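As recorded in Swiss-Prot, the features of this protein are as follows:
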- SER92, ASN108, VAL109, ARG110, GLY257, GLY258, ARG259: substrate binding site (BINDING)
- HIS96, HIS106, HIS145, HIS175: divalent metal cation binding site (BINDING)
- HIS106: active site, proton donor (ACT_SITE)
- HIS175: site 'Important for dimerization' (SITE)
- 239-274: region 'Important for dimerization' (REGION)
Amino acid sequence: MNEFDRVRDYLTDLQDRICAAVEAIDGKARFAEDLWQRAEGGGGRTRILRDGAVFEQAGIGFSDVSGARLPPSASAHRPELAGATWRACGVSLVFHPHNPHIPTTHANVRYFRAERDGEMVAAWFGGGFDLTPFYPVDEDVMHWHRTAQALCAPFGEERYAAHKRWCDEYFFLRHRNETRGVGGLFFDDLGQDFERDFAYQRAVGDGFLDAYLPIVERRKDTPYGEAERAFQLYRRGRYVEFNLVYDRGTLFGLQSGGRAESILMSLPPQVRWEYGFQPQPGSAEARLADYLIPRDWLG
């Protein structure tokens, strides 16, 4: 089996396993599957869970797409690849819980290959996972980062620190001067050693559930009221702003003629903006700002 097919098979299995785990913890709703084809090449399967007991919306998509020419978002930092043919596969997810005390989360693992005249000119892995709480709890954030550190450990002492820092820098809203959440891991252009890099991608993909599900279990029955729900919807606005203004995956998908429904499944089903909103000093809502600055979470 060639390298691309090995990655593809892993990713489809990962999607299946994550869906099964989410359905089990939700206990009410199930994922609906939408199979799609892309005229320019390839296709995918988008799965959406709606109106569950735990999740307002959980979306997880697998795609295997190709094209005759790289879009600008992919070749901007690799000008030598401009005009190359390409093929990419990946799994991307965003989960929006009902309860404001459960963080929103995002994860992505992907593989990209570019060719010219039938010869591979570049191939690399990318991905990571990050956490966006509205009412953060130190225990949860520390668990998230300790899980990330543990899965990075076999790949060198500097791996966690480097990819945590990359995550903090990538998921940053410059126009708001704040991070999107409390970070996690982010990596791109990892293409020096296929076997080692593929092993790391698998560690990140497999580690996501270990990082997230214990937090869901701890917070899913926490009581909340209208004020907490309103703040959750307001903060979801930051999620929308990041995805539509900065996110490379969103821009790549839209610029490459990707399927808009699948690309934009990351957006929350409900969201609100409020001009000039300021939380009450000393409130739980005001406390969030202290978490939107990169810091060491390992304790």
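Each Cβ is built from the backbone N, Cα and C atoms, and glycine gets one as well.
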Task: Go ahead and report the DSSP secondary structure tallies for the region 'Important for dimerization' (239-274): helix first, then strand, then coil.
output: 22 helix, 0 strand, 14 coil
Mean of the pLDDT scores, which run from 0 to 100, over the region 'Important for dimerization' (239-274): 89
- request: Just jot down the residues in the same chain as HIS145 (divalent metal cation binding site), at least 6 apart in sequence, with C-beta under 8 A of its C-beta; none if empty.
  value: LYS164, VAL182, GLY183, GLY184, TRP297, LEU298
Task: Taking Cα atoms as reference points, rank the binding-site residues SER92, GLY257, GLY258, ARG259 by distance from HIS106 (divalent metal cation binding site) and give the first.
output: SER92
- request: Would you mind ranking the binding-site residues HIS175, ARG259 by how many other Cβ atoms sit within 10 Å of each Cβ and giving me the lowest?
  value: HIS175
Message: Just to verify a number: CA distance, HIS175 (divalent metal cation binding site) to ASN108 (substrate binding site), in angstrom, no decimals.
response: 24
Message: Using a 10 Å radius around its CB, how many other CB atoms surround GLY257 (substrate binding site)?
response: 14
Query: Helix, strand or coil: which one is HIS175 (divalent metal cation binding site) in, per DSSP?
result: coil
Statement: Neighbouring CB atoms within 10 angstroms of the CB of SER92 (substrate binding site), all protein chains considered, total 24
Surrounding CB atoms that lie within 10 Å of the CB of HIS96 (divalent metal cation binding site), all protein chains: 22
